[in-house]
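Peer 1: Dumping the structure here so I can ask a few things about it.
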Amino acid sequence: MLYIPQFSIYFCLGYLLLFCKISNAVKQSWEINQELITEANKEHTVFGDMLLTPAQLIRYENSKDSDLSIRGVSIKGSSMNRWSNNIVPYVISPQYSPAQKQILVSSLRYFERVSCFKFVERTTQNDYLFIVPLDGCYSYVGKIGGRQTLSLAADCIADYIIWHEMMHAIGFEHEHQRPDRDSFIRVDYANVIPGQMINFDKLKTSHVEYPDIYDFKSIMHYDGYAFGRVDTARRVRLATMTPLKPGVTLEDNMKFTATDIEKLNRLGQCGARGGQYSNQGVVASTCQDVATAVSCEGNRRRGMCKNPFYKQMMIKSCQKTCRLCSYTRMIDEDDDLTPNTTVKSVKCEDKHPRCDIYSHNGFCTLPFYDDVRYQLCAKTCNLC
């Protein structure tokens, strides 16, 4: 029988190489949109993942100010741009599978846990979100009135992307477009993909409120390589944003920070009604890796800490190295409300052609594979 160390991810180099692809690393909305958005929608989609109304588009095209003055909504928008009583009605397109819908609803339920905003299925409300799988991940900023499209294509169905787009829909801009951002990051324009400079424009000071510290880890901050050109010789993407603060890195932000939640609750005037996880950005002192330091560091370098496919594995084995300790605490406190991408499929079937071989090598029984066997070999492992 093939021996597979319980906490080693190096099975990627062995029998399971066929389904372990490092190229499937976690992607942000801007990356997905670069691949999926059609030319027609590119005319209306700006700043990576935001839509403009026709009126906003006209103002943008006629604007000669390098600072953005086109937005009908921002964190400092008027009450007409806000969702009444913090209630956001929504309709989920029937195009989504039951599994995708479960992830969507679960993500909304978690959003409610950290705030006093409520997402309710639409009945007769005139203003509502229509969540539909179009050609990317994008949203308007704040309420625009009537049926409001929020696109989440299949590749966008991940909790952190859903939260990011919902933050836009409620009224939040990107953190890296703050008027004061140049005091905290340097934008390397020479490394930006031609035609994508607009994604680094700053908002007008009069349009936003920013009494909080600059939040490098905000779920509304893009990673440091966003819209970066690819150096074909070295086969790497070039950095477009560099933190000015020593020791800080701009990574894929996949969860709310304490500052995100404070802003969210201040906008909704939540008081004591929401934000019970506002301290989640603090890593618990008991946070430890179970796997060896060498194994966890190797997993981190290969991108597995940020890959949703391996998320539960990393929480169990490398939570300290992967900086997933606060996420573990949230799972422990409220398992049923924590989004989980391992969802039950309607059809009982295997997703991988070699499940019979994997089953003989312990794939169906070893605890290490608890979080992936259902996705790949549900039928062979008798899980449905």
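The backbone N, Cα and C atoms fix where each Cβ goes, and this holds for glycine too.
Pulled these from Swiss-Prot:
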DOMAIN    73-271  domain 'Peptidase M12A'
DOMAIN    287-325  domain 'ShKT 1'
CARBOHYD  N340  N-linked glycosylation site
DOMAIN    348-384  domain 'ShKT 2'
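Give me the lay of the land around each of these features.
Peer 2: With helix defined as DSSP H, G or I and strand as E or B, the domain 'ShKT 1' (287-325) counts 20 helix, 0 strand, 19 coil.
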Peer 1: By DSSP, what is the split of the domain 'ShKT 2' (348-384) into helix, strand and coil residues?
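Peer 2: So the counts come to 14 helix, 1 strand, 22 coil.
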